[in-house]
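As written in TrEMBL, here are the features:
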{"type": "TRANSMEM", "residues": "A:9-26", "note": "transmembrane segment"}
{"type": "TRANSMEM", "residues": "A:32-54", "note": "transmembrane segment"}
{"type": "TRANSMEM", "residues": "A:61-82", "note": "transmembrane segment"}
{"type": "TRANSMEM", "residues": "A:102-122", "note": "transmembrane segment"}
{"type": "TRANSMEM", "residues": "A:129-147", "note": "transmembrane segment"}
{"type": "TRANSMEM", "residues": "A:176-195", "note": "transmembrane segment"}
{"type": "TRANSMEM", "residues": "A:222-243", "note": "transmembrane segment"}
{"type": "TRANSMEM", "residues": "A:275-295", "note": "transmembrane segment"}
{"type": "TRANSMEM", "residues": "A:301-323", "note": "transmembrane segment"}
Amino acid sequence: MPSLSRETYLNIFLSLALLVFPFIATAMDEPFYITLATRVAILSLAAVGLNLALGTGGLVSFGHAAFFGIGGYAMGILASHAQTYTPIFTWPFVIEGTNQMLIIWLVAIVMSGIAALFIGLLSLRTSGVYFIMITLAFAQMIYYFMISWPTYGGEDGLSIYVRNQFPGVNTLDPSSFFYICLVLMFAGLGLSAMIKNSRFGAALQAARQNEERLAATGIRPFNIKLTAFVISGMITGLAGALMADLNRFVSPTMLSWHMSGEIMVLVILGGVGRLYGPVVGALIFIIFEFIFGGMTEFWQFYLGLVLLGVVLFARGGAIGLLAGKARHD
Amino acid sequence: MSTTLLFEQLLNGLQYGVTLFLMAAGLTLVFGVMGLINLAHGSLYMIGAFACAAVAAATGSFWLGLVASIVAAGFAGVLIEMLVIRRLYDRDHLDQVLATFALILILSEGCRMVFGSFPLYLDAPGFLAGPVTLFGGFQYSAYRLAIILVGGLVALGLYLLITKTRLGIRIRAGEADREMIAALGVNIGTLYTIVFAIGAALAGFAGAMMGAIQSVQVGMGEPVLILAFVVIVIGGIGSIKGALIGSILVGVVDTLGRVTLPGFFNLFMDTAAANSVGAALSSMSIYVLMAIILIFKPEGLVSNNA
């Protein structure tokens, strides 16, 4: 058995810290911190999705807000119909809204998967800068569609009055909802670790490093990349549904390109391609927003400066600083 | 729908396309020569508009504002290139995207610190404020017509600059083989700064001209930036000619889509439904156009290698 690396110790420490966090926050009498931690878990999950495409597959998607927002709207649309007792449509068959999280998650995952399939089919025909711009453009297309489509609130978005339900759990309790999100975050991390160590993951990393060689071994790079892109979109879509449930609100902001940039920033701040990179990134982002957002309304100005510094001078992100270069054993 | 309305919208589309071209030309030039994807290009558009509005408010002259917009955006371009962009040429696109995204945050919030969150207003100069009568008694906004003419002149000037001047030869050579022209004694660093400043000045100029039509506010550059991306993807990245074709195409399709689609759906739907479906779909029309073009020509309409 190989000795554990510093990165593994860091990952274990972070997992334990998140697991016991609600107890610490309750002891400190700061229940709002639990909501912050819930945001960390959800944003981590969204970034875990992007990290699969970006870190493992080298697909620089600048349009992951599309999947985040589609997940959010899946929740918003289903729950808003459930709260007004109106069916979503009645022809050719009746579909009712629901406030069951399990169904909402499933719909969010399927819908964002379908969107990722269409976007991926077109944008993976290209690479490099074209890919970046096209994923961005498709996300903007969905953004403008939701803004100009008045049925579900248009620019104002949709409010949901009560958080959706999960069998056997009181989701209105902040700690319970935090643990739901945390379990899903761990599931996302587990899935992405499994994918990375599988045959498929090996093919995906090969597609990132050298497509011609991968093709020469008889594997189509396009199919591998498309599959990874779809799984990546699904994970981010699930995170979107959770975020909408946390805020009990969904609006086109979730689809905006700032959101895409933000998810990408999380991955980079933590460390591209590192398993826990998204978690560290989300943690830094939320702490930064909490501290500087409380001091000045221009906190994004300072976020920009820090980000610029990280990109120019500290490649490898926070995990790179804390745990050294990635090990390949 | 009347022919007059259609013709008016066609001109609006052309005017929009010309503005997009001023943005797209800088983006595509910077990408073609330096291989850099610059998200902060929209911030330069914003800087131009703010400079124009501030100077016009202080001096009362729109023309001084216009000059200020070019100077301010060009100067900001030089500064950004020397401080940040220069370090990014050898990096991968991911680093370029992130660093320029960081620049957007810094420039937008910095602008908000200086000018506040409320939009500024900029009036078109007096003699261009009214309508102008074209052939057959057809009336059109003089200011928009002026934008079309000025944009056309700038496009022509850019074409002559690239094809006829010594600087243009160097720019094209830099596109083809940067080591070789460096070996021939051209200072490649200075050349890059000049190209970036030209792109920045064009974006600032576009921002100032549009500032008199829209309101001048933080974040105004971002929708235009994304459309400019669509334009250069359609036209072929690195090609000025492609940027011109793409801009006009996007401007006209976008504007006409907004006018014609609700009417089209009204043929077989009731008016309220037709308006909402039409509005929703017309906001997607240029992206659909982009998708169709990519299916048939993944490298864009004008391939740079041709």
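Quick reminder: no glycine exception, Cβ is built from N, Cα and C everywhere.
Remember, TrEMBL labels are computer predictions, not curated facts.
Note that the structure is a prediction, hence the values are computed from the model and not measured.
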The transmembrane segment (A:301-323): which same-chain residues, six or more beyond its ends, come within Cβ distance under 8 Å?
5-7, 10, 265, 268-272, 274, 276-277, 280-281, 284, 288-289, 292
Under 8 Å between C-beta atoms and at least six residues away from its ends: which parts of the chain pack against the transmembrane segment (A:32-54)?
18, 21-22, 25-26, 60-61, 64, 67-68, 174-175, 177-178, 181-182, 184-185, 188-189, 192, 195, 228-229, 231-240, 242-243, 246, 263-264, 266-267, 270, 272-274, 277-279, 281-283, 285-286, 290
Which residues of the chain, 6 or more past the ends of the transmembrane segment (A:222-243), have a CB below 8 A from one of its CBs?
39, 42-43, 45-46, 48-50, 52-53, 56-57, 59, 61, 64, 66-75, 104-105, 108-109, 111-113, 115-117, 119-121, 124, 180-181, 184, 188, 191-192, 195, 200, 203-204, 207, 214, 254, 263
Tally Cβ pairs under 8 Å between the transmembrane segment (A:61-82) and each listed stretch (A:9-26, A:102-122, A:129-147, A:275-295), then give the stretch with the top tally.
A:129-147
Answer with yes or no whether the transmembrane segment (A:129-147) touches the transmembrane segment (A:9-26) by the criterion of at least three Cβ pairs under 8 A, sequence separation 6 or more.
no
